[in-house]
Amino acid sequence: MKRVLLFLATNLAVMLVLSIVLSVLSSFFGISTRGSGGLLLMAAVFGFGGSIISLLMSKWMAKRSYGVQVIEQPRSEIEYWLFNTVQRQAQQTGIGMPEVGIYDSPDMNAFATGANRNKALVAVSSGLLYNMSRDEAEAVLAHEISHVANGDMVTLTLIQGVVNTFVIYISRVLAGIVSNFMRSDDEESSATGGIAYFAISMVFELIFGILASTIVMWFSRQREFRADAGSAKLVGKDKMIAALERLARGHDSQLDGSMMAFGINGKTAMTELFMSHPPLEKRIQALREMR
């Protein structure tokens with residue numbers, strides 16, 4: 001979930017910034033976006049722009065946010081094992097060798113990110129490396145490699161771009177309706193009305209952006225099942241089931257809720273509707289039913 005939450009947070013921030021830029025351009029250069037055709041076009045440009053920028057920044061943001069130390073040259077036995085395992089799995093799936101990194105965390109987590117399946121980043125926590133068996137860790141790595149091979153981040157970007165477009169479009173339309181309803185020609189200047197329109201549209205974008213994230217989360221859950229299946233094909237489903245069962249036994253004692261939502265595991269107080277990963281028991285059941 002770490003890569004998804006980081007992507008969504010970056011996307012929301014970028015989208016809000018781009019929306020502010022759009023409003024400034026509209027005010028200073030007289031660019032009208034209130035017509036349905038022009039508004040939809042601008043919503044698409046800024047909506048997809050936000051998700052694409054988030055994708056391009058994903059590796060940099062992940063490294064910076066979690067202090068990922070990229071393995072340039074393995075220096076220990078465990079680093080050699082990690083590097084060689086990722087290299088072997090990358091060759092098996094036909095992708096370019098990803099950057100391999102480790103970040104310091106007691107939580108048993110891993111994530112993959114990057115704008116290109118041939119230039120991705122696969123990072124694992126120190127907690128995973130030192131608390132899982134080699135077979136379990138190998139299955140986790142195969143899960144992340146499957147995400148890269150399946151192009152999940154690019155597909156997520158396209159879906160997020162569509163969602164952003166409709167969020168911006170609907171927010172601006174509703175903001176126009178509300179601001180016109182609230183406006184009094186006798187009491188309010190056009191400048192004040194423009195400020196009200198801008199403020200209302202920002203509120204709507206924030207609210208609808210959070211609600212629309214359920215669509216992205218649903219997509220993410222489906223891709224998790226697929227990545228689990230990909231891992232099972234690479235290393236065997238018994239290893240992947242063992243890794244998930246290890247997470248089920250260990251994740252209750254990990255970090256607080258804000259951190260436990262990350263990685264391939266994650267306990268969260270939110271309902272499944274807002275979860276990027278299916279419950280562990282459902283993932284295990286799906287693997288057991290694989291033929």
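First residue shown is number 1, and so on along the chain.
Cβ from N, Cα, C; glycine included.
If you look up Swiss-Prot, you'll see 4-24 (among others) marked as transmembrane segment, on the strength of sequence analysis.
According to Swiss-Prot, the transmembrane segment annotation covers 37-57 (among others).
Per Swiss-Prot, the feature Zn(2+) binding site maps to His143, His147, Glu224; the stated evidence is sequence analysis. Cβ neighbours within 10 Å of His147 (Zn(2+) binding site), excluding its own Cβ and spanning all shown chains: 27.
Summarising the annotation, Swiss-Prot assigns active site to Glu144. For Glu144 (active site), other Cβ atoms within 10 Å of its Cβ number 27.
Taken from Swiss-Prot, the feature transmembrane segment covers 158-178 (among others).
If you look up Swiss-Prot, you'll see 198-218 (among others) marked as transmembrane segment.
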Other CB atoms, at most 10 A from the CB of His143 (Zn(2+) binding site): 26
CB contacts for Glu224 (Zn(2+) binding site) [other CB atoms within 10 A, all chains]: 24
